[in-house]
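Comments concern the structure below.
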Amino acid sequence: MDGVEDDDDLLRGPTQELELGSDDDEEEEEEELPVKLKSKKSKQADRPLKIIPTASDASSEESDDDNEDGRVTMKNIEARSRALDAKAAREAELDIEEMQQAALAGEESGDDFADADMDEEGEGGEGSEEFVLPTAEQREEEKTRGGPDVHTVQRRMRECVRVLGNFKRLAAKGRPRAEYIQQLISDIASYYGYNDFLAEKLFQLFPVAEAIEFFEANEVPRPVTIRTNTLRARRRDLAQALINRGVNLEPIGKWTNVGLQVFESSVPIGATPEYLAGHYMLQAASSFLPVIALGPQPGERVLDMASAPGGKTTHMAALMQNTGVVFANDANKARVKSLTANVHRLGCKNVVVCSYDGREFPKVIGGFDRVLLDAPCSGTGVISKDASVKTNKSERDFTLLSHLQKQLILCAIDSVTPDSKTGGYLVYSTCSVTVDENEAVVDYALRKRPNVKLVETGLEFGRPGYTSYRGKTFSDKLNLTRRFYPHVHNMDGFYVAKFKVEKRAKVKSDKEETAAGAGGADADVEMNEPTFPFNEDEDRPYIEENERRRMKAKSRKAPPQTKPVPVAAGGDPAAPS
Amino acid sequence: MRPLTEEESKTVFTKLANYIGKNLVHLIDRQDEPHCFRLQKDRVFYVSESSMRLAISVARPNLVSLGTCFGKFTKSGKFKLHITALDYLAQYAKYKVWIKPNGEMPFLYGNHVLKAHLGRITEDTPEHQGVVVYSMNDTPLGFGVTARSTVDTRKLDPTAIIVFHQADVGEYLRDEETLF
């Protein structure tokens, strides 16, 4: 209840807040300043009403104001709203003056009541309707007292967002932007219960107002969605069967023809006879995306590198109509059980389930037409599902995860065969929104493996990936990747990138070219120096020695050492044989 | 992963024949693609040969499943059919039992099929015969063994057991840990 309404409030824009701020408290402020304690109490008493102005509150207040000019009608409504806008604008101007005054007043009162408790002063400064950004000391103090109450934090966040939205006009003099941001981040952390590190990391991804939307969206659960198993049922039949059981549902959207969104259900949706018979799979809408992007074709050899609990694997098997073969891998033995159960329940007969560390993969078996890497990630896109992420992720986790992801993506690329007639594609996806798990990893793969390139994902919605982020510049092609956000698309935060793997031979010629280019650059420097041709006979001992070492490394029986080789390689010619 | 021995094949086929009878031939000689039975850590898998050849690359400790799991050998050498084999059993079943909607949930919780819940039954089903259990809209739900022949069921009272429960799709939820 609370959460939903705040969300609206934060977005409703400044006009309403200003109105609330100004008309009833101005006089009070000036009159009651000397009697600080009392004013504070009265405000505390009526705070909830003001801090959380619900839509109904606001409208009732307005109608109170407007009572003298009669009822609202269709005719005069436009004129009225225009008048209200004008009023709001006037008040906005007033507000700036007030804020400065309030700042002054705060200082004065501090002087006047030097003996008064410091806490109260800070509290009074915030409690008054003019927003004053607390200083660093005040925040310290607040922390030692165990943090401010929710309403204060909420209000302060709203103000910060407003100020940051139009910093030039609204900011108090002498307070840098960074201070506002710092305050806002720490408030977000305390209000939504994130650790400071994660709050900052996520905050930086978006513009200020959108960031708040994102945090709000993480508090609301995403809709329950199911995927029809086309191996066992058709969507229409399934929908009918479920409706008969008292489930209220409808298709997710135009972009998928197998998804259904469940609004409410009188039976547990994960235990109906249809579920047990494998007619559908409980699966988040975002999990459809990587499989749609990958688009496996019948008869192909496909690998799912981190597959448990099998939603995407079974989707792929269904798209391939139980032909070809799907290798479903997961490193976690316990999760492999539920993966196997799902594979069997949904009747996928072309799946081989194995349990390797994904990094071993091209060694186990390679030559895949398509590979899906839904990498293990921090889960910052699914906070609404698993709130423990808010507190248990630190900087170290992110470093470790992105390192693992980089290793995995290279293994995934190497597992794809460029010779595939129909495929040669890799899809990389995570359920995380941070840049260092997504764009940074993809960019790394592009740099490390010159034989891959990014291609269109084939998803018609989603935001393009970042091509540069906080001083890091990625490849321009990264705008072909897609990001999905809870507050925009109403699905889990998600990231999808699709690669096409090409033959390596072409790359070699590229390298030669660059080498030649470099050689050309160096050529004029080395022009005068004498050339050193290879001399097979002189080099023989070195060649033999290396051959011997190579054999040894391969643990084959090495030929005996013929003669000691001088340690200083490249010294004078060893022995004229 | 290895092919079944002569004796193991015999045990498995006898068990399967109890449900699908002579249709067993269709499992072994398939028109579309050659399939085979493979044993991996006392589980028996039924898999297409092309999949099996690729799965050879996976080491024994890491291979969890391939194709369809039919069941497992117990320590005493008996063969136990698992619910995962239901797809093929339902496809080739000789004797079938349909249960009414109000009997679906009790059966899916692992109970025997009572006469009150019986919707339809194949004519002349003998006693102690393996049967596949369907819901009234022909969704396979599990399998079991008849307690009485079709003729005898007529004169039973409504609470009498008709089919002894052996496996049902509810096991995907209940026994996920032990099934694989």
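Cβ atoms are placed via backbone N, Cα and C, with glycine included.
For A:1-77 (among others), the entry in TrEMBL reads region 'Disordered'.
According to TrEMBL, the feature compositional bias 'Acidic residues' maps to A:20-32 (among others).
Residues or ranges marked as compositional bias 'Acidic residues' by TrEMBL: A:59-68 (among others).
As annotated by TrEMBL, region 'Disordered' applies to A:105-151 (among others).
The compositional bias 'Acidic residues' annotation in TrEMBL covers A:108-129 (among others).
Taken from TrEMBL, the feature compositional bias 'Basic and acidic residues' covers A:137-148. Helix first, then strand, then coil: DSSP counts for the compositional bias 'Basic and acidic residues' (A:137-148) stand at 8 helix, 0 strand, 4 coil.
TrEMBL lists A:214-502 with the feature domain 'SAM-dependent MTase RsmB/NOP-type'.
Annotation source TrEMBL lists S-adenosyl-L-methionine binding site at A:A306, A:S307, A:A308, A:P309, A:G310, A:G311, A:K312, A:D330, A:D357, A:D374. Look at A:D357 (S-adenosyl-L-methionine binding site): DSSP puts it in coil.
Residues annotated as active site, nucleophile in TrEMBL: A:C431. Every protein chain considered, the tally of other Cβ atoms within 10 Å of the Cβ of A:C431 (active site, nucleophile) stands at 25. In the three-state DSSP scheme, A:C431 (active site, nucleophile) falls into the coil class.
Look at TrEMBL and you will find A:507-577 (among others) tagged as region 'Disordered'.
For A:564-577, the entry in TrEMBL reads compositional bias 'Low complexity'.
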What recorded positions from A:A306, A:A308, A:G310, A:K312, A:D357, A:C431 have a chain B Cβ less than 8 Å from their own Cβ? none
Roughly how many Å lie between the Cα atoms of A:A306 (S-adenosyl-L-methionine binding site) and A:C431 (active site, nucleophile), rounded to a whole value? 13
Distant-in-sequence Cβ neighbours of A:A308 (S-adenosyl-L-methionine binding site), under 8 Å, six or more positions away: A:D330, A:N332, A:R335, A:V336, A:S338, A:L339
Would you give the longest CA-CA distance, in whole angstrom, between residues of A:A306, A:S307, A:A308, A:P309, A:G310, A:G311, A:K312, A:D330, A:D357, A:D374, the set recorded as binding S-adenosyl-L-methionine? 20
A:A306, A:G310, A:K312, A:D357: which of these binding-site residues has the sparsest Cβ neighbourhood within 10 Å? A:D357
A:K312 (S-adenosyl-L-methionine binding site) and A:C431 (active site, nucleophile), distance between Cα atoms, whole Å: 13
